[in-house]
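Working notes for the structure below.
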Amino acid sequence: MKYLRKLFACYEDYYSYRKGVLRYAGLVGAVGYPLFYLIYTRILPQPSESLTIRLIASVACAVTALPEYWPARLRKYYFAWSYAAVLYCLPFFHVYMSLKNHGDLVFIADSFMAVFFLVLLTDWRNTVAMLCLGTALGVALYVATTPDPHLPVDYVARLPTFILVVVGGSLFKFSERQLQDAKLRVATALAGSIAHEMRTPLSRIQYSLDMASRALPEPTTAPSMQPMARKQINDLYAYLSQGQLAVERGLQVIAMTLDEVNAKAIDTNRFALIRASDAVQKALAEYAYETEEEREIVSLSVIDDFTFRGEETLFIFVLFNLFKNALYYHRLYPDMKLVVTVDQHQVFVTDTGPGIPETVLPRLFESFQTSGKVGGTGLGLAYCKRVMSAFNGDIVCDSVEGKGTRFTLRFPRAAQAVKDEPGRALVRGSLAVLARKRILIVDDDAMQRDTMRMQLTGLGMEIDEANNGQSAIDRMRQAHYDLVVMDLRMPVLDGYAATALLRSGAVPGHQSVPVLACTSEPPHLVRMKIERAGMSGMISKPCKHAELVRALQSCLERPAADGAVLAGKTAILADDDEYGRRIARGWLEKYGMRVIEANHGQAVLDMIADGQRCDVILLDLNMPGLSGFETTQAIRAWSGEVGTIPVIALTGYSDAVTVESALNAGMNDVMTKPVRGSILFEKLSQHLGSGVTDPQSPASTSATVDKPGAGDHGSSVRVEAFLDPERLQELKSDGLLMELLGDYLLTLDALLDRIDASVVSNDLGDAHEALHSLLGVSANIGGAALHRLVRRFYVPVADERRWPAEENWLGELRNVMAQTVQMLERECPALRS
């Protein structure tokens, strides 16, 4: 009995996702059995036929085909009934009828058909069981109802063929089941990975909301305004920023995972020349680190930069995968380091984590192979291999268990002319955009202004300076500027307040002037404030020449952020998700647009048919009733202006197939949900304004550049360099090395004494300002190690309004500062005098 229950359980499991198969098989049988009765009695008469037996089979099939009409109390017996019906209609019926017709050739063919159907309709265990039981019952009925029973020789001779059909069919089905199991494993791994990876971001969002609610004033029913202290406002910005980072992390994980499981061939037609160091820096800046500690253990070393042909997004996702794999172990190995090295057509990603077992390495880049991480899909490294192969390169892994891991991305070598092309293209593009433009550099640090002026020399720009926000406002009242580069923290009037005045129209003719924030503060701490203030972009101090030029060019090519291009225009917004509509509507109304909402495609068509005029339509792709695809096709079928209205797709899954389908349906563009304001603005401006925008955001650098040691490419612990050689070389090239270093070094001791006094008086505000100054000074003098250390101490003071947790953090700061000064004096002996 136990074996029978297990056998029936296998049958139920087989049909748990295949109920439709039984229904369609029942329809075929309900029609087929009476039809063949007519054929075998009228057209091709056979020796023996039984209408009763065929009607029983036909009724059994009809009842099996209509489970939805069964009484609710009987539906639990559906599988038992279908089991009996299959047993009766296939092996039993055909064995009995073949024997009654003496093994006639027609019924031998019917028996073959029955065996095929049985193999298709059941798992191999029940195929064998039903075949044996049905044959035995058929033979028993034949013997019981036949006066002189005997087994036909021709029929018995076909038994080996029947057995071969059963065995072969079962093996083919087994291989098909393996493929289905693999697909199911992909889906399960995908869902499990996303769920696992999303748990942390969602927890961080919950924490940010809880802490933000605590930072709000005490609730009251009084109608009077409730003042908020500066600390409360800063805390709210900090918690909102943390929540925003958590959202970005979640979206990043989803995008990466979906890209991993997309097995579609990579389109090489979109490949372009990419400078390796630029792409790596962008990946380091945009990766959504879970904690500030994770951000601090990652560093970049550029030894010999190179150019390769590929797609930047794909390369960044490869790096994201490698970062995610390495940083997974950070909590277990808090002292680990992650170093990315660019050198001679190779990019090395080296960590000092637990390493990978030697037994796993040979299969590491195969699908579904993991090295012990909970919740991984086992697809990430296979995806990396696929991308690198599309780049005509390769990825290999060297690892020593207990010491660390090094992934090597190898790229094909390019000719010198190809190497220099990105630089020449940058110069050509920047000259076309920046020439004859007038810009204003606003910074209270005169040396920072001088450095930036030197970097922009030769681009045909007219450059003016101001030492604070108020001075900048006064200058703009006297002359027109095309672009403003604005420091954030300045005396008299800071960068936020100055930008707010510009956006409010306080300076005629400058309400929409692009403002590029230039700050030494960590980007993730100020990004939300910068967006809220209405700035056009951000770049970190000190900035390299190429980064600065690209950021200025991007700001000038992007449409004005005041929404003048969009103000007064009408948008129809269709999405069945109310919260999705709220987010999009909020941004559209911010840009001065009139918004008409709908929750399905038919409502959009009805509005247009009723004469509702609009300038743009935003459509969710998946809505009840008419989808976004069908709605767009209906709009394009109209004649006149209506048929040419720009349509932008909104979708949560923007894979290549979805994008291609949207464009083929007649849509103008595709946006991924949730809607981001800056991207929405650029898309709308592109289709409603006069010019085409650059979709790239201005560069914002958070990676530090370290001088490599001899063993950088190994998996041993790396000794971090104190100085940034690229920054020092830049200062030498600009002729500012002695002047800047001499002036800046004089401020180091004074800033450290100020921080010391702040600790004694427990003045977090003064310490915040002093650390902010030290952050900028350390970066400007090329003190990489000092900059990293100051940044580590700055984040808790600025973001969390608390002192650093390290017991002797001031002593460590003083020690690293002294070593930095010694290193600089060794590089430039003239400083000692």
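Just so it is clear, glycine is given a Cβ too, placed from its N, Cα and C backbone atoms.
The transmembrane segment annotation in TrEMBL covers 21-40, 52-70, 77-99, 105-121, 128-145. Marked as domain 'Histidine kinase' by TrEMBL: 193-415. Residues annotated as domain 'Response regulatory' in TrEMBL: 438-556, 570-688. The feature 4-aspartylphosphate is assigned by TrEMBL to ASP487, ASP620. As annotated by TrEMBL, region 'Disordered' applies to 689-713. Taken from TrEMBL, the feature compositional bias 'Polar residues' covers 693-704. Per TrEMBL, the feature domain 'HPt' maps to 733-831. The phosphohistidine annotation in TrEMBL covers HIS772.
Comparing 21-40, 52-70, 77-99, 128-145 for CB pairs under 8 angstroms to the transmembrane segment (105-121), the maximum falls on 77-99. Beyond the ends of the transmembrane segment (52-70), by six or more residues, the same chain brings 19, 22-34, 36-37, 78, 81-82, 84-85, 88-89, 93, 96-97 to within a C-beta distance below 8 angstroms of the stretch.
Remote same-chain residues near the transmembrane segment (21-40) are listed as 15, 46, 49, 51, 54-55, 57-67, 82, 85-86, 89, 106, 117, 121 (criterion: CB distance under 8 Å, separation of at least six residues from the stretch ends). Summarising model confidence by region, the domain 'Histidine kinase' (193-415) averages a pLDDT of 79. Geometry remark: ASP487 (4-aspartylphosphate) versus ASP620 (4-aspartylphosphate), CA distance 40 Å. Using a 10 Å radius centred on the Cβ of ASP620 (4-aspartylphosphate) and all shown protein chains, the other Cβ atoms total 25. A 10 Å cutoff on Cβ-Cβ distances gives HIS772 (phosphohistidine) a total of 20 other Cβ atoms nearby, all chains included. Annotated pair the residue listed as 'phosphohistidine' and ASP620 (4-aspartylphosphate), C-alpha to C-alpha distance, rounded: 44 Å. With DSSP classes pooled into helix, strand and coil, the tally for the domain 'Response regulatory' (570-688) is 57 helix, 24 strand, 38 coil.
ASP487 (4-aspartylphosphate) counts 26 other C-beta atoms within 10 Å of its own C-beta, drawing on all protein chains shown.
Reduced to three states, the DSSP call for HIS772 (phosphohistidine) is helix. Helix, strand and coil counts from DSSP across the domain 'Response regulatory' (438-556) read 52 helix, 24 strand, 43 coil.
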